[in-house]
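Record features, source Swiss-Prot:
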BINDING   Thr8, Thr9, Asn10, Pro11, Ala12, Lys13  substrate binding site
BINDING   Glu38  Mg(2+) binding site
Amino acid sequence: MHHVVSATTNPAKIQAILQAFDEIFGEGSCHIESVAVESGVPEQPFGSEETRAGARNRVANARLARPNADFWVAIEAGIDDDSTFSWVVIESASQRGEARSATLPLPDVILEQVRAGEALGPVMSQYTGIDQIGRKEGAIGVFTGGRLTRSSVYHQAVVLALSPFHNAIYR
């Protein structure tokens with residue numbers, strides 16, 4: 001059984017990680033352990049590079065916290081121009097996989113508050129009345145009318161980031 005360390009305690013992110021690992025390696029083949037670690041970037045990262053750095057930093061910190069795992073996984077959400085997205089970083093002892101998620105354009109009324117220094121999650125909670133929305137369906141769920149959720153979009157990016165770990169051509 002693979003020991004997978006999730007560099008987050010966010011249920012939406014953990015669900016995406018578990019589902020993707022089950023699909024790639026077989027249901028029940030992985031044990032997910034969650035750890036809360038720092039990203040080393042602002043709570044609301046801006047731009048692709050800052051967001052990717054946050055995910056890479058979380059993986060590095062998870063490796064320090066749980067050095068005996070088989071995989072370390074981080075999902076860092078950010079704002080790029082007028083959209084929200086995330087970076088997924090997965091490492092094993094010898095490999096790294098990275099993938100960027102789909103992007104969701106955000107309305108100006110939300111972007112104004114985020115650009116003024118507030119994190120997207122609290123702004124969305126204020127807008128929708130849904131407490132801790134970032135740990136649930138997220139802005140993605142709200143603005144797609146539930147057709148997609150934060151977890152479903154993250155799931156796709158985790159599957160993509162896992163590609164080097166189960167395809168021999170990457171080695």
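Each residue, glycine too, has its Cβ placed from N, Cα and C.
One way to see the shell of the substrate site is to take the Cβ centroid of Thr8, Thr9, Asn10, Pro11, Ala12, Lys13; the remaining same-chain residues with a Cβ within 8 Å of it are Ser6, Ile14, Gln15, Ser34, Ile75, Arg135. Reported as a whole number, the C-alpha separation between Thr9 (substrate binding site) and Glu38 (Mg(2+) binding site) equals 12 Å. The two recorded residues Asn10 (substrate binding site) and Glu38 (Mg(2+) binding site) have their Cα atoms spaced 13 Å from each other. Classification of Pro11 (substrate binding site) by DSSP places it within a helix. Between Ala12 (substrate binding site) and the residue listed as 'Mg(2+) binding site', the C-alpha separation comes to 18 Å. Across the structure, Glu38 (Mg(2+) binding site) and Thr8 (substrate binding site) place their CA atoms 9 angstrom apart.
The residue listed as 'Mg(2+) binding site' falls outside any helix or strand according to DSSP and counts as coil. There are 12 other CB atoms within 10 A of the CB of Thr9 (substrate binding site), with all protein chains counted. Within the same chain, the residues at least 6 positions away from Thr8 (substrate binding site) whose Cβ sits under 8 Å from its Cβ are Ile14, Ser34, Ala36, Arg58, Ala74, Ile75, listed in sequence order.
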